[in-house]
Amino acid sequence: MGSSEQELTAIVRDLGCGPYFLGTFDKRFPGFVSRDRLSCAIVNTAGRETGGVHWLAFGWNPKSHTCYLFDPFGFSDQRLKQIYQFEYESLLRRSALAATKDRCVTLEKSTQTVQGPFSAACGLFCCMFLHAFTHWPDHPMDKNPTMDLLTGVPNCMLQSPQVVGTLQRNQNELYKFLNNLSPYFRHNRERIEKATSFTKMQNGLK
């Protein structure tokens, strides 16, 4: 089943992101409400009524006027639209970010894959990214102690047998990271790992 909204919220708070975390949202995320405040959110590509499909993480750094979009699969804009019918451009337009003085916002998006194709851990990877974002907001994607635990591979190799070992190690590193920093994860580890396992989505099963 992957991760529930309540679960992700509990883990994000354990990771120290609480003061900046706006919450979990479905595809109707209204955007960032304050252009002057460091803030972040976890957003699903589908409507809440569907039960959810895929989690993404967003972060806004007012100092650099940069909006970060983290997708554990590193899909291109076109693929996000093709697979999930999800577009974030309208999200940025209706956000308070459009009210910046020069209306100039830099979008930095993850382009590499860190999650296996059959893994259901997208929400947990988003929690990990938000830890990096709130602690190193000027370079949350890489070159920080959190995200450097993961090894990205080109998105075009997502289904390649050559990278299975790398992506499996990423998920193991993710679990170790959360086990170290999140009491909620520790107390519920067996259930969470079963629900988000590396092969959870194989054969189309959730």
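Keep in mind that glycine also has a Cβ here, set from the backbone N, Cα and C atoms.
According to Swiss-Prot, the active site annotation covers H54 (among others), on the basis of sequence analysis. In this view, H54 (active site) is surrounded by 22 other Cβ atoms within 10 Å of its Cβ, with every protein chain counted. Mapped onto three states, the DSSP output places H54 (active site) in coil.
Packing around D71 (active site) is summarised by its Cβ count: 29 other Cβ atoms lie within 10 angstroms of its Cβ, all protein chains included. Here Swiss-Prot flags D71 (among others) as active site.
A C-beta separation below 8 Å, combined with a sequence spacing of at least six in one chain, links C122 (active site) to G2, S3, H54, W55, L56, P72, F73, Q115. Taken from Swiss-Prot, the feature active site applies to C122 (among others).
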